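According to Swiss-Prot, the protein has these features:
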type: TOPO_DOM; residues: 28-253; note: topological domain 'Extracellular'
type: CARBOHYD; residues: ASN38; note: N-linked glycosylation site
type: CARBOHYD; residues: ASN138; note: N-linked glycosylation site
type: DISULFID; residues: CYS166-CYS180; note: disulfide bond
type: TRANSMEM; residues: 254-274; note: transmembrane segment
type: TRANSMEM; residues: 280-301; note: transmembrane segment
type: TOPO_DOM; residues: 302-311; note: topological domain 'Extracellular'
type: TRANSMEM; residues: 312-333; note: transmembrane segment
type: TRANSMEM; residues: 422-441; note: transmembrane segment
type: TOPO_DOM; residues: 442-456; note: topological domain 'Extracellular'
Amino acid sequence: MRKSPGLSDYLWAWILLLSTLTGRSYGQPSLQDELKDNTTVFTRILDRLLDGYDNRLRPGLGERVTEVKTDIFVTSFGPVSDHDMEYTIDVFFRQSWKDERLKFKGPMTVLRLNNLMASKIWTPDTFFHNGKKSVAHNMTMPNKLLRITEDGTLLYTMRLTVRAECPMHLEDFPMDAHACPLKFGSYAYTRAEVVYEWTREPARSVVVAEDGSRLNQYDLLGQTVDSGIVQSSTGEYVVMTTHFHLKRKIGYFVIQTYLPCIMTVILSQVSFWLNRESVPARTVFGVTTVLTMTTLSISARNSLPKVAYATAMDWFIAVCYAFVFSALIEFATVNYFTKRGYAWDGKSVVPEKPKKVKDPLIKKNNTYAPTATSYTPNLARGDPGLATIAKSATIEPKEVKPETKPPEPKKTFNSVSKIDRLSRIAFPLLFGIFNLVYWATYLNREPQLKAPTPHQ
């Protein structure tokens, strides 16, 4: 006969079930436990990496050359100073190299760290050769990023603002183009110890953000990269170079300088259409335009460095100044011939009237009597005595030849000079030809995108 299960059997069954469920719950760690375990593992990895690590020694010392791969992301380019020949650039500067001492094994493949870890390991001593002032951003914390992969490859990124030199050749100003370089390399390590390479192909090694241009007077045409070797007294060093190609915008200078110069030259030629007797008006035109050109030439040079050669704008202003000054000289020449009374270069409108010649007097017996004029005495008729006296007193006139004087040159009034007529055609024609040649020469020049490579 089978025995029915008792109370003790049910109790044992419940105890077994609870123990099974409890064992499963203990076998699955909570999220807090997982985070605690990851932090512990992370700390142990970092401690193990820095254990015995000497950041004074470069990777591969005595075995191989340390290769540093670089690339640049430009967040802001500009402004550019023509007077100081420099430019300002804001970049994310990335460097990557391999350090076998920092290999690790763990649940993660990449260690994402900040600037605190960067100060405890070896980093390249990169500096900018043509930098006047470089600033590493530290607000609110130093803007530095460090990544370490499990094979010991490091990525080190910094945000920098660099003010660098930009040598400019201003012969074609303001239709000029420039290649502003950014040169960097190792300060202490020669190419036998540290070499630099671009991370990607040249077209992608330096990238400028689409909204990164901060230029008012230039267009950023593009950038090119290069590398070379620089020889110094301490050895040969690898230098990485990036050229930013700029083309100046001419609109500002057309409004500020070129149009005023052209209008001033045209204004000086208005005097050719005034009568040459209008001395005050033509004098005002000449003197005013000369002074205006002098002011324009001085103001055009204020924004440029004091270079020892003439720029394209200087040549334009000089030619305009020559036209204005020539117009003043032309008026002086016309006025000179007008005052001398020469009629060879004008039309005589009012002929000169002949002068009356007075009768000459002949002195006779201490008295003066006209020689060519006889007077009929008004004598009373029928008085023979008076008639005899009058007859004896009459003086026989002598024939006197009139004096002949050389004809004086005719003076002209309200006339037009032949010099003015010629100037009305010659001056505008020559000025138009000059502008055609000037603008065709400078505007058709293509900017040189290839900059000189560093000395090797």
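Quick reminder: no glycine exception, Cβ is built from N, Cα and C everywhere.
Counting Cβ pairs under 8 Å to the transmembrane segment (254-274), the top-ranked stretch among 280-301, 312-333, 422-441 is 280-301. ASN138 (N-linked glycosylation site) and ASN38 (N-linked glycosylation site) are 30 Å apart (CA-CA, integer value). Beyond the transmembrane segment (422-441), the same-chain residues lying 6 or more positions past its ends with a Cβ under 8 Å from any Cβ of the stretch are 262, 265, 269, 272-273, 315-316, 319, 323, 326-327, 330. Distant neighbours of the topological domain 'Extracellular' (302-311): 82-85, 170-174, 318; these residues of the same chain sit at least 6 beyond its ends, with a Cβ under 8 Å from one of its Cβ atoms.
In the three-state DSSP scheme, ASN138 (N-linked glycosylation site) is classed as coil. Taking the Cβ of CYS180 (disulfide bond) as reference, residues of its chain lying under 8 Å away and at least six apart in sequence are, in sequence order, VAL80, TYR87, ALA164, CYS166, HIS243, PHE244, LEU246.
Proximity of ASN138 (N-linked glycosylation site) to non-local residues of its own chain (separation of 6 or more, Cβ distance below 8 Å) is seen for none.
Looking only at the recorded positions ASN38, CYS166, the densest Cβ neighbourhood within 10 Å occurs at CYS166.
Residue counts for the topological domain 'Extracellular' (302-311) under DSSP (helix as H, G, I; strand as E, B; rest coil) come to 0 helix, 0 strand, 10 coil. If you average pLDDT over the topological domain 'Extracellular' (28-253) in this model, you get 91.
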